[in-house]
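Q: Got a structure for you, questions after.
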Amino acid sequence: MELRLHNTLTRSKDGFRPLDPLNVRMYVCGPTVYDHAHIGNARPVIVFDVLFRLLRRLYGEAHVKYVRNITDVDDKINARAADRGISIRDLTEETYRWFREDTAAIGCLPPTVEPRATEHIAEMRALIEKLVAAGHAYVAQEHVLFNVPSMPDYGQLSRRPLDEMIAGARVDVAPYKRDPMDFVLWKPSDVGVPGWESPCGIKTPGRPGWHIECSAMSWRHLGETFDIHGGGIDLVFPHHENEIAQSRCAFHTGVMAQMWLHNGFLMLEGEKMSKSLGNFVTIRELLEEWPGEVLRLAMLSTHYRQPINWTRQGLGFAAKTLDKWYRVVGEVEAEGGEGNPFEHEIAERLSDDLNTPSAIAHLHHLAEVAEHEETSSALRRRFKGAANLLGLLGDTEDGWRARAKAAIALDEGVIAGLIAERLAARKAKDFKRADQIREELAAKGIVLMDNKDGTTSWEVAR
Ligand SMILES: [Zn+2]
């Protein structure tokens, strides 16, 4: 089985060959912790969790290191803490706790390391001083800036035309820049804003620019070069381009990461998600209405590189699918990786640039196969093991799963019989009995829906 991934750096689907198969290393840009994460933020978290699971499956759990940082120093954080009248530490701690709870609820494994920017200031200073010493950065008015023209092949990842990059950089024009494209590595902090000892002999305390954080944390935890760097497509320019410039120029290497993976945008009901348009939804708001696993399956139903259109209808489909799959697996234990042919078939589909829609289509097929098995539970155990590779049908308990299990205990034939009895009661205008049946089923976690055509369907309550 060969893992092939679409590499933004080469614009092609490349075979994945780790620098060291005993130490496969992946870095993904994490959240800036100042508010609840929105559903767009959940996309890279889920996508790279699937890749993390697949890499563990292919190289062994002990041989994969996944680093996802936490940006806990940022002007948005400072402003929000001041607005709320709380300390920066309290704000970042609270927000980080929400993020951990939300990502656990959508079935994501914790990364191997979750480094915080504020705990890596010394590495950032060291990197900045290396860049200044090598002539790639300079000090101006207590700032340190990266000098873009000092790197002849700057721009390989985004491949943007030079005039476009200059136009983008002009937004942030400052008199101390030697070149309009130069970007900030370090800046001075005013009184009342977090500040640390500055590099390069600058007297005023200061704080890092955003890009340098990721170069410092990936260096500390993964080394000068590593295998995979991931994030949302919106990070390609300038963030990832600038990470590459910093790391390659500091360490004199040809690449920062061998492969760069980017997930596509998320649209909400066909429109761009925007706070100002009120078209905005947090993971937490969705979790109040749907189990996390439904969000996960809905997200994975679109290939990670495609834009995803996030709709209530999509969530409804995912919920129905999971209801069915939980009925199929019942109480069986999952059959683990090696030797489970179903799981192997899913791993093969994921190895083709994380083709989750194909993997999910195959799970539908496997569910049919397992459902019709009457003699033993072997196929159902295999089906469950295959779904586990996508982080689905896991054994952690939550309310919805408990209710789904209660529904499984209720024979489908019994439910159908009660529905027929209720329809007959309604026909005979015995509404008391009809309501009684509805309540009886509701108590067991079954919700009835009366359709326009006079039939009644049911689903497991959420
Ligand atoms: Zn980053």
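Cβ from N, Cα, C; glycine included.
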Q: If you look at how TrEMBL annotates this chain, which of 187-191, 272-276, 312-316 comes out as motif ''KMSKS' region'?
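A: Among 187-191, 272-276, 312-316, the range TrEMBL annotates as motif ''KMSKS' region' is 272-276.
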Q: Under TrEMBL, which of the candidate ranges 31-41, 108-118, 240-250, 427-437 is annotated motif ''HIGH' region'?
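A: That would be 31-41, the stretch labelled motif ''HIGH' region' in TrEMBL.
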Q: Between Cys29, Cys214, which of the binding-site residues has its C-beta surrounded by the fewest other C-beta atoms within 10 Å?
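A: Least crowded of the binding-site residues Cys29, Cys214, by Cβ count within 10 Å, is Cys29.
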Q: Using other CB atoms within 10 angstroms as the count, which residue among the binding-site residues His239, Lys275 scores least?
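A: Result for the binding-site residues His239, Lys275: minimum number of other Cβ atoms within 10 Å at Lys275.
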Q: Average the per-residue pLDDT over the motif ''KMSKS' region' (272-276) and send me the rounded value.
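A: Mean pLDDT, the motif ''KMSKS' region' (272-276): 80.
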Q: Could you measure between Glu243 (Zn(2+) binding site) and Lys275 (ATP binding site) for me? Cα positions, answer in whole angstrom.
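A: Their Cα atoms are separated by 28 Å.
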Q: Other residues near the Zn(2+) site, CB within 8 A of the CB centroid of Cys29, Cys214, His239, Glu243?
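A: Other same-chain residues with Cβ inside the cutoff are Trp210, His211, Glu213, Ser215, His229, Gly231, Leu235, His240, Asn242.
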Q: Residues of the same chain, at least six outside the motif ''KMSKS' region' (272-276), with any C-beta under 8 angstroms of its C-beta?
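A: Same-chain contacts beyond the ends: 38-40, 265-266.
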Q: Within 10 Å of the Cβ of Glu243 (Zn(2+) binding site), how many other Cβ atoms can you find? Include all protein chains, please.
A: 27
Q: Provide, as an integer number of angstrom, the distance between the C-alpha atoms of Lys275 (ATP binding site) and Cys29 (Zn(2+) binding site).
A: 22
